[in-house]
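This report refers to the structure that appears directly beneath it.
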Amino acid sequence: MKVNRIYAVYFSPTGTTRTVVTYLAKGIADKLKSAVEYWDFTLPEQRAQVPEPGISDLFILGLPVYAGRLPNLILKYLFSLRGQGAIAVPVVLFGNRSYGNALIELRDLLEDTGFNTLAAAAFVGQHSFSGQLAKGRPDAADLAVADRFVKTILERIETIQEGDSCTPVNVPGRGAPDYGGYYQPLGEEGKPVAILKVKPITTADCIHCKRCVAVCPLGSIDPDDVSRITDICIKCNACIKACPVHAKRLTDPAYLSHLQYLEATYTERSAVELF
């Protein structure tokens, strides 16, 4: 099959998913001499439109894993996609704990919206909660795996013809209807903790640069008073990582207890998984 255009499409509040998706797209484009269209839908205004791939295009879609699933507040946008028979590669990024059922959820979503999934991957990126979990990942070793994945995708593209209806790529996990539910956060003693409604605070160090406003994927930070979170917080930590003076923080005891549990439990390096 001749690939006309490659779509590199991603939701990436802290940048790790963007790193992997764009790396894969460039690697494939360099080999096929195809154009790449980068489509970042992280911010609310970027979700006003959807990409429109054609039957001769390759669509790489990447999202981070939250509580073992796809970010549920982004699903409405994702279900507005129309694949029109394009081949697709679902990619998820997890923070060294587990990707749960997110990959099969993304595979199914692509199939349900008119794509033909050809290959899939679960990569590891630094956990958005932590400076220690999977620190610096995706790193050089991960990108070396990405190079192998590029070769696999290219080999599979050679085996199909435009318009072929591929067998959906086989990935592990519990599928529809509930995809196994969501991971229950645990505190440092291993008991469940409630962090769903936790929101970051703003300290007196704030210099009112409003960088936090600019990076919030849900537009939940009041631009007139950045200490006010006016809507849902998904705890992606984009505002915390973007603050130049470290004035945004998550200080809730249950959240910090969960963070301690994660950092104590998931110290072993998780592997990238390709399908």
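Heads up, the Cβ atoms here are built off N, Cα and C, so glycines get one too.
Keep in mind that this is a model prediction, so the values were computed, not measured.
According to TrEMBL, the domain 'Flavodoxin-like' annotation covers 6-154. According to TrEMBL, the feature domain '4Fe-4S ferredoxin-type' maps to 197-226, 230-253.
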By DSSP assignment, list the helix, strand and coil residue numbers for the domain 'Flavodoxin-like' (6-154), in that order. 54 helix, 34 strand, 61 coil
Rounded mean pLDDT within the domain 'Flavodoxin-like' (6-154) lands at 98
